[in-house]
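Novice: If you scroll down you'll find the structure; I have some questions about it.
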Amino acid sequence: MGPQPRDIFINTNNTIYVTSQAANSVLVWYEGNAIPIKDISGNISSPIGLFVTTAGEIYVDSDNSTGRIDKWRLNSTVGISIMYTCTKCYDIFIDMNNNHYCSMKISHQIVIKSLDVISNALTIVAGTGNAGSTSSMLNGFYIFVGVDHCGHRYGPLHIEMKRKLNQMDEVIRNITLSIDKSNISSLLMIIGDHGMTQQGDHGGDELNEIETAMFLYTNKPNYFSLSNNKQYTVSQIDLVPTLSWFLHTLIPFSNIGMMIIDIIPKEQRYLAMKLNFEQMEIYLKHISLTLQLSDKIHELRASLHTIFITFDRERNLTQIENLFNEFKFELQTHFRRQWSTFNIFRIILGLIIMLLSCIILLFIYFEFSKKSIDYKNIIFTISLTLIYFAISFSNSFIINEAICLYFLIQTIILITKMNIFKKFLLSFLLFLTRIFLICREEQQPYCIDPLWLLSKSSDTSHYFLPFMASIAWFIILILSSNYSYISYIIIVAYWFNISHTLSIFYLSVIIQFCFVLFKPSHIDTLIYSILIFVVGYRFSFVIFLQYFIYYIIFKNNKNNQSLPLLLSLLADYFFYATGHQPVLSQIRWTAAFPTINTPLHIYLSSIINSLFVRGVFILIETFSGQILNIILIRKMIPKKYQGNLLKHVLIVDCFKLLTTSLSVFILRRHLMLWKIFSPRFLFQLVGFIIKCLFVFLTMKLQK
């Protein structure tokens with residue numbers, strides 16, 4: 001590679017990329033190869049910084065004088081200039097939002113530029129342009145990575161981890177030596193955000209996962225008043241106000257941490273505690289409206305208020321510190337008790353009630369089916385069910401649940417007794433639905449949402465999609481019975497931006513609702529009308545595919561004992577296929593607010609814009625897969641089979657909800673409880689309730 005290799009990058013396949021200044025190129029080695037398999041050169045001069053994306057795109061500092069960043073696509077022969085800086089980039093990084101970071105060592109700055117815009121405007125995110133050790137200045141810039149990666153891959157006791165830790169020890173030693181040589185008073189804080197298990201995992205509540213070290217070093221004599229023979233334990237949340245103090249920034253509003261007083265110089269402690277208490281006072285005034293505080297906290301709060309707010313300093317600093325630490329302990333203990341304590345008795349009682357309900361439903365199932373039980377089919381169905389239920393206990397599987405469901409359904413289709421042509425057609429239709437799947441935040445940047453699904457443009461250039469969607473819905477409605485085509489025509493007109501159609505549509509919905517009150521059998525007409533409107537023309541194609549998938553499955557396949565599991569899985573899958581994820585932030589709230597900037601009659605507006613109607617619209621849009629699951633069973637299955645089939649589907653759903661509840665209970669201390677497991681439980685619970693309501697309605701309509 002020559003005498004001047006400047007940067008190295010190793011991807012997940014152990015492919016090695018090196019910038020060679022001597023060769024003015026980027027050299028690439030595959031794992032196990034001693035000779036480079038690729039030499040990327042051409043208009044590259046003295047390269048330094050290097051970054052390679054998961055897609056194989058290479059970003060390299062390419063110009064010796066101007067600081068130009070080039071992007072080389074996989075297997076391309078020419079680089080594309082994407083960024084210009086005033087000096088060379090010694091380090092390059094691309095984040096998941098496609099932002100390009102450049103570390104300019106000579107300028108002592110870090111700049112950022114979005115790769116999604118054409119402009120070359122750079123934003124300074126760190127550094128002032130001059131070397132220094134203050135909170136706003138940089139003196140060169142270095143990024144050290146690998147400890148976390150090494151721990152996850154090998155575990156904390158592996159020899160590779162020992163080698164990496166020795167390397168980081170040397171880095172820290174060099175930093176402390178530089179601090180000692182400096183004439184500027186400096187404070188070095190090294191903090192771990194989490195520990196890990198013997199296997200290299202974290203996210204649970206074991207001590208070796210939640211405990212980590214904090215290292216402090218300063219070149220200022222007698223800065224700390226810590227006792228050498230005392231072992232200190234601090235809470236992570238207390239780092240927030242402490243770091244805010246040292247960085248001279250405001251303490252965040254919702255902070256509940258308290259200053260780590262022992263590492264603050266004595267002459268600064270009173271002011272530090274005062275600022276911390278003032279921030280906590282503001283926060284407590286807001287939170288006390290919904291969270292009751294204990295008498296002990298009120299007493300300590302009043303004492304500190306007298307000291308810090310009314311400036312009554314009759315007590316000495318040691319007494320104030322003791323009072324402050326007592327207040328800190330009582331307050332944080334109270335918050336932990338309120339926010340992270342679970343009522344185990346109630347949870348277990350709820351799980352027992354759910355289990356008994358599922359067992360009763362299962363008993364009813366075997367009671368109805370005892371004359372014609374295919375035990376091999378039953379065992380296979382239970383095996384697949386358990387495989388699916390196992391998803392509930394893994395955050396990685398939940399993140400990719402849509403694809404897990406897709407392959408599980410394809411497996412059931414493959415082994416189901418039906419015509420080869422039908423199997424192929426079902427698999428193909430199901431495959432087409434994958435293009436409508438929307439990514440979770442955790443899947444990015446490896447998963448990219450289709451732009452045509454997210455675009456909100458209504459230009460005439462996009463009229464092709466509404467036109468095709470109108471044809472798709474027309475076919476569905478032709479095959480369905482008891483539907484009023486007036487609502488369909490109005491919605492299609494709305495898609496094509498014809499004025500006043502929205503008011504007419506809402507009026508037609510109100511009229512249909514009145515008809516349903518007198519004749520409940522018209523409920524499907526009302527649901528279809530709302531579905532076409534709230535789902536929109538982009539995801540109408542999914543419902544079109546869903547209709548024909550159900551049609552093929554129900555054709556001569558009404559007594560298959562694996563059918564309830566397949567229908568339950570399809571309901572969940574079409575929740576994802578219609579562009580949803582079990583995440584609160586990804587609910588399409590626009591379904592509830594279509595009337596913004598649209599004039600409506602005052603009386604009509606008061607009805608349509610009510611919270612109840614908006615809530616109904618969101619529920620129908622979000623759980624359209626589950627709703628259509630029941631409606632299509634009612635439309636396509638003869639009445640004599642409907643009752644048993646619907647009960648069997650609810651049995652599977654009941655056990656599924658029980659398993660999800662059990663996973664949330666077992667993983668209640670998991671790091672991703674509130675981000676992944678609990679939202680999924682809430683979505684499954686609401687979906688189950690909606691399915692139960694439509695099953696009950698179906699039973700009533702049969703009478």
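First residue shown is number 1, and so on along the chain.
Glycine too: its Cβ is placed from the backbone N, Cα and C atoms.
Positions annotated as transmembrane segment by TrEMBL: 245-264, 344-366, 378-408, 420-438, 463-496, 503-520, 526-550, 562-579, 611-633, 645-666, 681-699.
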Novice: Per the definition of 3+ C-beta pairs under 8 A with sequence separation of 6 or more, do the transmembrane segment (344-366) and the transmembrane segment (645-666) touch?
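Specialist: Contact between the transmembrane segment (645-666) and the transmembrane segment (344-366): present, because at least 3 Cβ pairs are under 8 Å.
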Novice: Count, for each of 420-438, 463-496, 611-633, the Cβ pairs lying under 8 Å from the transmembrane segment (562-579), and report the range with the highest count.
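Specialist: Most Cβ pairs under 8 Å with the transmembrane segment (562-579) come from 611-633.
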Novice: Test the contact criterion for the transmembrane segment (463-496) and the transmembrane segment (378-408): 3 or more CB pairs under 8 Å, pairs 6 or more apart in sequence, then answer yes or no.
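Specialist: Touching, no - the transmembrane segment (463-496) and the transmembrane segment (378-408) miss the threshold of 3 or more Cβ pairs under 8 Å.
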Novice: Hey, which bits of the same chain come close to the transmembrane segment (378-408), Cβ under 8 Å, at least six residues off its ends?
Specialist: 203, 415, 430, 434, 437, 440, 442-443, 561-562, 565, 569, 572-573, 576-577, 582, 652, 655-656, 659-660, 662-663, 666-667, 670, 672, 676-677, 680
Novice: Which residues of the chain, 6 or more past the ends of the transmembrane segment (611-633), have a CB below 8 A from one of its CBs?
Specialist: 524, 527, 530-531, 534-535, 543, 546-547, 550, 554, 567, 570-575, 577-578, 580, 587-589, 591-593, 642, 645-646, 649, 686-687, 690-691, 694-695, 698
